[in-house]
Each structure stands twice: as C-alpha cells, then as structure tokens.
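Colleague: First, the structure itself, so that you have it in front of you.
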Amino acid sequence: PKPVFHPRDQVGVIPQLGFFDPLNQAPDGKLQKWRSMREGEIKHGRVAMLATVGLIVQHFIHRPDVQEIPLYYGKSSPFGIGALGIFYGPEGFLQLIGLAFFFVVMEFFVWTPDDFKEPGDYGNPLSIPLYTPEMRYNEITNGRAAMISAVVIIFTEFGTGKDAVQQLGF
C-alpha cells in the first residue's frame, strides 16, 4: 500500500514548537491541500521579506519632492507606509495599474504550480541549490518571521507616525 502523507514530517516544522496545526488545516493523507497551503506560505513569505526590506530602504531612497506632497494617511511618515498616500497623478496611477497587471499575468501564466516540483519552485535560472532541506527550512522560517515583522512595522508606523528607521532614532 502507498504510505500515508504526514505534514508533521515535512520541512518547516520548528523543533522547539513541534508541528503546530491547532485547527487541523493540514490533516494526514491530504497532500494536495498541504501543497497548496505550503505554496501560499512560501509566496507570502517571499513577498513579506521584500516588503520588510522595502519598508526600511525607502527611508533612505525616495523622490526628492516626497515631503512637498500632501499625505492622505494623516500622520504617517511619507518615507514609510505613508508613501502609499502620495499620488503622482495619472502617470503614477498608470504605472501602478501596469505593475499590478504584470504580476497578475505572471501569477496565472508563468508562476504556476507543478505537482512534479517542490512547492514554491517557479524556476531557478541561476542553478543555485535552493531545494536542500536546510535552504527550504531557512526560507520558510525567515518568511514566517518577515510576515510578522512587516505587520509590526506597519502598525507601529500607524501608531507613532514614524517609519521603521525613524523609530530607531535615525
């Protein structure tokens, strides 16, 4: 008989916490459900890692006229999440729509899941050994930490009116 799939035996289980699934979202034997949830976790983790770095870098790299433009998010810093409230006219809006359209097309036609590959494997043009157990574990745990840190940076900015770097006193 075919062996039963056990999510608790997969990469990403943190030894200190064990297998954490209090709502039984990944039951034994449900490989496809687990794969779709793992792909979502990896994708959200990658986006959160980029977002966390972006929330810090945009304090240092931004348009020179950023402080002259009125904000629509109250007291948020124009260098942090408050930059979303800056509207650069029709050109900026079209760039935003074009970028969103590009990612939607990539999501549905290029970055498609494949049952014969690891979850989150959308190609590796540089042939970096990304799918060793250690690299997969690191990506999953760092993605989880980045999801938490991005939310913390955003909420503290809304609460204090300072971006991530300004909160550190710089």
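Cβ coordinates come from backbone N, Cα and C, glycine included.
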Colleague: Name the residue range among 44-61, 98-115 that TrEMBL annotates as transmembrane segment.
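Modeller: Going through 44-61, 98-115 one by one, TrEMBL gives transmembrane segment for 44-61.
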Colleague: Starting from the chlorophyll a site formed by GLU41, HIS44, GLU139, ASN142, ARG144, give every other residue of that chain whose CB sits within 8 Å of the mean position of their CB atoms, in sequence order.
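Modeller: Surrounding the site, in chain order, are ILE42, GLY45, ARG46, ALA48, MET49, ILE140, THR141, GLY143, ALA145, ALA146, MET147.
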Colleague: Where the record says GLU41, HIS44, GLU139, ASN142, ARG144 bind chlorophyll a, what is the longest distance in Å from one Cα to another among those residues?
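Modeller: Largest pairwise Cα separation, rounded: 11 Å.
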Colleague: ARG144 (chlorophyll a binding site) has how many other Cβ neighbours within 10 Å of its own Cβ?
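Modeller: Total other Cβ atoms inside 10 Å, all chains included: 16.
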